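Asks: Residues annotated as transmembrane segment in TrEMBL: 16-35, 47-72, 84-102, 108-130, 165-189, 201-220, 235-255, 262-283, 289-306. Sequence annotations record features per position, and here TrEMBL assigns domain 'Sugar phosphate transporter' to 20-306. Here TrEMBL flags 319-347 as region 'Disordered'.
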Amino acid sequence: MGKGGSLSQGIIKKIILSYTYVAIWIFLSFTVIVYNKYILDRKMYNWPYPISLTMIHMGFCSSIAFLLIRVLKLVEPVSMSRSLYLSSVVPIGALYSLSLWFSNSAYIYLSVSFIQMLKALMPVAVYSIGVLFKKDQYNSETMGNMIAISIGVGIAAYGEAKFDSWGVILQLGAVAFEATRLVMIQILLTSKGINLNPITSLYYVAPCCMVFLLVPWIIVEYPILKETTSLHFDYVIFGTNSFCAFALNLAVFLLVGKTSALTMNVAGVVKDWLLIAFSWTVIKDTVTPINLFGYGLAFLGVAYYNHAKLMALKAKESQKKAQQNDEESGKLLDEREGEVKKADSQA
């Protein structure tokens, strides 16, 4: 009875912790998205400088990462040569800077709800680029699922009340760059045995992002900022916004590390619906029935994709356990045969 009680308590504790990690990630991701929309939207805080905002985030995150790694020495740095940094981290930094720049820019032109609907294309982009770079195998059933998701997003776009072509191009570009970055992490880092946690990732990647963003910032935003006399930099607004962005990186590591990447994907779907509801009820963005029907179709496609990945993961784990059991059985048989031969020789 005591053992059963302690076992059930352990399971309950694990479930509570898992849901806590999910809740923290959803809250921080939700906060960062809404906060960025508030800052960048011309009808709200009216600070439409997405490159500058991204650079502020990267500067804040790289400073905190440097403090934790080099000054306080709370996190161990990863051993990395200059050639490895240039060949692996720099391309990832370039893709990350473009992804953040384009996604933040989209908030100026599109509603939060419609942006979340367009983000449903992420599995399509990741799978397609994975197949292109031979990190994923082509599967007709999976591709059919990807087409269904794309059709759903297309219907949602057709029903969008405040459709903006430039905003859609920016968000689709952000999805494409982010998907490429995720695939490149597997090819350039994970395959070489280099695993970066959020702190070391920001330590190496954030400064690189700032350098890449500096060029478009000088061309696009610096001339406007230079001529703007009414510009006021609110340290509280940008400080808390940057802190939320940094905390979100930690929450991603906590969620994936303590649960799984699949759990984050499922939690992401919940977060998207919450954001759509918030955008509709609080921000008063227009959400049409066609919007919801299209996103609902895309949602079912994403849910099926996550389910298929979970089944594949379970099958892989079962196969791995079966192989381990076979190896252990083989070792036991070898040991028994050795003991029998030893006993025969002694007789």
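Cβ atoms are placed via backbone N, Cα and C, with glycine included.
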Asks: Where else in the chain does the transmembrane segment (47-72) make close Cβ contacts, counting only residues six or more beyond its ends and a cut-off under 8 Å?
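Replies: Here the qualifying positions are 36, 39-41, 97, 100-101, 104-105, 107-108, 199-200, 202-203, 206-207, 209-210, 213-214, 216-217, 220-221, 224-225, 238-239, 241-243, 245-246, 249.
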Asks: Using a threshold of three or more Cβ pairs below 8 Å, and leaving out pairs closer than 6 in sequence, do the transmembrane segment (201-220) and the transmembrane segment (108-130) count as in contact?
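Replies: As far as Cβ distances go (cut-off 8 Å, pairs 6 or more apart), the transmembrane segment (108-130) and the transmembrane segment (201-220) do not touch.
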Asks: Can you tell me which recorded stretch out of 84-102, 165-189, 201-220, 235-255, 262-283 has the most Cβ pairs within less than 8 Å of the transmembrane segment (289-306)?
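Replies: Ranking 84-102, 165-189, 201-220, 235-255, 262-283 by Cβ pairs under 8 Å to the transmembrane segment (289-306) puts 262-283 first.
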Asks: Do any residues, 6 or more residues outside the transmembrane segment (84-102), come within under 8 Å Cβ-to-Cβ of it, and if so which ones?
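Replies: Counting only partners 6 or more residues beyond its ends, the transmembrane segment (84-102) has Cβ contacts under 8 Å with 50-51, 54, 57-58, 170-171, 173-174, 177-178, 180-181, 184-185, 188-189, 192, 194, 204-205, 208-213, 216.
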Asks: The transmembrane segment (262-283): which same-chain residues, six or more beyond its ends, come within Cβ distance under 8 Å?
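Replies: Residues 18, 22, 25-26, 29-30, 33-34, 37, 111-113, 116-117, 119-120, 252, 255-256, 295, 299, 302-303, 306, 309-310, 313.
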Asks: Could you please provide the mean pLDDT value for the domain 'Sugar phosphate transporter' (20-306)?
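Replies: PLDDT averaged over the stretch: 89.
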